[in-house]
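Here is the structure we will look at, set down as structure tokens.
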Amino acid sequence: MRKRKIMLNVIDLRGHVPTTSELRRTLPRGGTDINSVLPIVEPVVTDVKNRGAAAALDYGEKFDHVRPTSIRVPQDVIDQALDSLDPNVIEALKESIARVRAVHSEQLPAQHTTSFGEGATITEKFIPVSRVGLYAPGGNAVYPSSVIMNVVPAQEAGVESLVVASPPQKDHGGWPHPTILAAAKLLGVTEVWAMGGAQAVALLAYGDDTQQNSAEVLEPVDMITGPGNIFVTAAKRLVRGVVGIDSEAGPTEIAIVADAQANPVWIAYDLISQAEHDVLAASVLITDSEELAQRVNEEVAARYSVTRNADRVSEALKGQQSGIVLVDDLPTAVIVADAYAAEHLEIHTAESHKVAEQIRNAGAIFVGGYSPVPLGDYSAGSNHVLPTSGSARYSSGLSTHTFLKPVNVIYYDEVALKEISDTVITLADAEDLPAHGEAIRTRFENLGN
């Protein structure tokens, strides 16, 4: 019998229904230790806070080996990037922008008012964040799609001031990659910074108003969103509180719930495509079919080596963060998937919609064989900035809501306040905060005068 070449580790959970604690111990999970790089990143953030753009440029030259002539990319450079871009890429970007905008425009919540009789209303309104910094990475790959996924929901929320920051590229004159600039142009973003890494995050958070040229004044933002490497994530942790952040994103991940009828070639390619991002990327198959597990492993082993990024893919698939989980049945597969809480979850089963309805924890759910994760990465219309490392148990992906602040507007007239005053005073006394009660009483003590 021909020996099967195995790429992915197999975890056999058959024979019992695992508990949540057991699953958190045994499921493949990689992740990164952000604490390990804080001693490197903290001095960078502090120096940029103190010295501004000069420090950011120094660190960019040290880490990226390139120093742009200015941090703010000139408008003519942005214009030229779009003019020079392949028309097919331009059309693809436009189509993705249109679909993402269509989805995110529908997410806008409506203002609503609750009334407690005449003269007592609580109105919840939604106010957009004023200024947002959007980070577009430029490491193993270039991500104009991330520009779209961050900019569009911010625009739909009504954010008035947007800046995109992306690493300068030595091969492109010290400016960010042209596709990043072109995407910004298509989206109507006019402020782009040639800055990456932890220094970009710090500069977005603290800004710099010391420049002689007013065009180079770099105003701080109120929120920073967008993916990045471990150093970017560590910097976001350090500036959190000074600004808001979307999340501390870890390495990307996919989990696939599949049964015996699933196509092993499709699953293999979906696992490979996610592993292509990063050597720390996680690719996990959860199945009740031992035969499917074996066939997927064979297909992965046969096909990964012909990809352009084969070494990266191989390391990711062989890592502790990737694997195949065998279970007794689909209900158990759902339990496992919920415990794993994948960034991306694909469902390849009979009645896949019914299975998807049972899922509680996932950044995004891709239902059926014709809804692969790469579709969501680019052009489905959904957002690809999603919670990682199990955080989908309590958080969700980037959306229009991310950039909106729900604010309660309270209005009570004299009659309405009088009606509830005894309740307020009683609670104030119960908490031993008598001045709270006096603030109510004083409004009615001389009411007849």
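Placement of Cβ uses the backbone N, Cα and C atoms for every residue, glycine included.
Quantities reported herein were computed from a predicted structural model and do not represent experimental measurements.
For the substrate site, Swiss-Prot records Thr252, Gln274, His277, His344, Glu431, His436, and the single candidate of Asp208, Asp209, Asp311, Asp377 listed with them is Asp377. Ranking the binding-site residues Asn229, Thr252, Gln274 by how many Cβ atoms sit within 10 Å of each one's Cβ puts Gln274 at the top.
Gln199 (NAD(+) binding site) has a Cβ environment of 29 other Cβ atoms inside 10 Å. Max Cα-Cα distance over the annotated substrate binders (Thr252, Gln274, His277, His344, Asp377, Glu431, His436) is 57 Å. Here Thr252 (substrate binding site) is positioned 7 angstrom away from Glu343 (active site, proton acceptor), judged by their C-alpha atoms.
A distance of 16 Å separates the Cα atom of Gln274 (substrate binding site) from that of Asn229 (NAD(+) binding site). Here the Cβ of Asp377 (substrate binding site) has 20 other Cβ atoms within 10 Å, regardless of which shown protein chain they belong to.
For His436 (substrate binding site), the nearest neighbour among the listed recorded positions (Gln199, Asn229, His344), judged by C-alpha distance, is Gln199.
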